[in-house]
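*Asks:* Pasting the feature list from TrEMBL:
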DOMAIN    38-153  domain 'HTH APSES-type'
REGION    147-274  region 'Disordered'
COMPBIAS  165-190  compositional bias 'Low complexity'
COMPBIAS  205-220  compositional bias 'Pro residues'
COMPBIAS  228-240  compositional bias 'Low complexity'
COMPBIAS  305-314  compositional bias 'Basic and acidic residues'
REGION    305-362  region 'Disordered'
COMPBIAS  319-328  compositional bias 'Acidic residues'
COMPBIAS  349-362  compositional bias 'Basic and acidic residues'
Amino acid sequence: MGPSPRPPLPVRHANPHIPITLKSGTLPPVKYQILNCQGHDILVGRLKIETPTPTGHAFILRRFDTGAVSLTTMFRAAFPNAADHEEKNELQWVKENYDLSGNNGGPHHPSITRLAGTWVSPALARTLGDMYALGDLITAVVEASPDPNANYRRSAKSNAQAKTASDAASVKPVSASAAAASLPTPSPTSGQPNPSKRRKESSPAPAPAPVSPPTSPAKIPPRRTSRARSPAPRSAAVAPLTSVPKTPRTTRTTRREEVQVITPEGSDLTVVDEETDLVEKGIAGSELHEQDIAEQQALVQKLKAERDTKEAAQKEQAAVEDEDEEMEAEAKESSAGLKRARKDDDEELKSLKFQPKEPEVGERAIATNSRVGRFQLQPKTRQLAWGTALFALGMGAIYTLPQFL
């Protein structure tokens with residue numbers, strides 16, 4: 001089976017800024033960002049191209065974990081105002097005529113993170129880029145090589161996720177160390193910190209002691225020593241409990257202040273953040289979610305169509321089998337009828353025997369004319385008449401024959 005015919009490209013919607021950019025001799029640079037999708041960090045390169053659209057620009061994207069180039073962004077950069085069905089027809093034709101395995105994640109490649117859109121190999125991107133009149137722009141994307149030691153920028157969403165994870169990881173060891181430091185050290189005089197002493201320190205019984213008058217000076221020193229020892233553990237136990245939760249709050253506020261200082265409104269870094277957020281939303285955000293929904297709906301429709309086709313085939317097969325059974329039944333009935341007819345014929349032939357008729361003894365009736373019947377004579381009278389006629393004939397012959405001799 002040969003390749004399917006390719007749908008025509010929407011050249012009427014070609015991007016007029018691309019020829020100007022190619023003739024200028026200065027191509028836009030490929031910028032890099034780290035994209036967090038499904039818990040995995042992916043290094044993505046983007047090439048910004050001006051377009052006659054409300055946004056004013058489009059991006060050609062390349063992911064460096066598989067090296068694939070986004071065919072969806074290529075088509076939208078080359079034909080920014082093309083209809084949705086024209087884009088779908090082109091992408092479907094590429095899927096049917098080229099092997100795209102290993103470029104993007106999916107059911108067949110669960111180890112690769114799945115991003116929105118259709119992704120092709122660099123070689124196929126060059127071929128299709130020439131067809132889309134992108135020329136050196138695709139070459140720049142394919143030949144781009146990021147610095148492996150560089151720390152590239154993340155989107156605001158990825159930064160928030162990373163900060164949340166780092167804050168959660170940093171709060172746990174701080175709280176553990178603070179709790180360990182807040183434990184009171186045992187005094188050298190006390191050999192065993194029995195729980196009975198802590199009960200005496202925390203119990204409210206010694207509080208009314210100063211109100212009662214002292215009975216003897218010998219009993220006062222142990223009470224004073226117990227009062228002198230009781231405040232020390234209370235201050236040591238209360239201080240760390242109040243200081244532990246304050247430490248992460250101060251660090252969080254300082255970090256927020258630093259972010260606000262780094263990215264002021266209207267600066268170039270703010271524009272970069274907007275671009276990174278736009279790219280992430282395009283290939284890992286709402287568009288990926290919409291593509292998942294569309295693919296699931298297409299899968300459901302395909303399964304329904306297969307089910308309907310299978311049911312129709314089963315019904316057709318059942319109808320054919322019913323017809324065959326009816327024909328077989330009719331054939332059996334006809335053969336049984338023929339056998340019965342033959343048996344009946346044989347029985348009739350056996351019952352029919354040749355019976356010869358005996359000759360008739362009586363005189364045969366001769367049909368005569370009605371007028372002749374009037375002169376019918378009796379047999380004796382008839383004999384007499386014939387005798388008389390013969391005698392007269394003889395006598396006439398005797399008299400007439402001698403005359404001729």
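Glycine is treated like the rest: Cβ placed from N, Cα and C.
Quantities reported herein were computed from a predicted structural model and do not represent experimental measurements.
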*Asks:* Along the domain 'HTH APSES-type' (38-153), what average pLDDT does this model show?
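*Replies:* Averaged over the domain 'HTH APSES-type' (38-153), per-residue pLDDT gives 92.
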*Asks:* Would you list the DSSP helix, strand and coil counts for the residues of the compositional bias 'Basic and acidic residues' (305-314)?
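*Replies:* Counting residues by DSSP class gives 10 helix, 0 strand, 0 coil.
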*Asks:* Mind checking how the compositional bias 'Acidic residues' (319-328) divides into helix, strand and coil residues in DSSP?
*Replies:* 10 helix, 0 strand, 0 coil
*Asks:* Give me the DSSP three-state residue breakdown of the domain 'HTH APSES-type' (38-153), ordered helix, strand, coil.
*Replies:* 39 helix, 25 strand, 52 coil
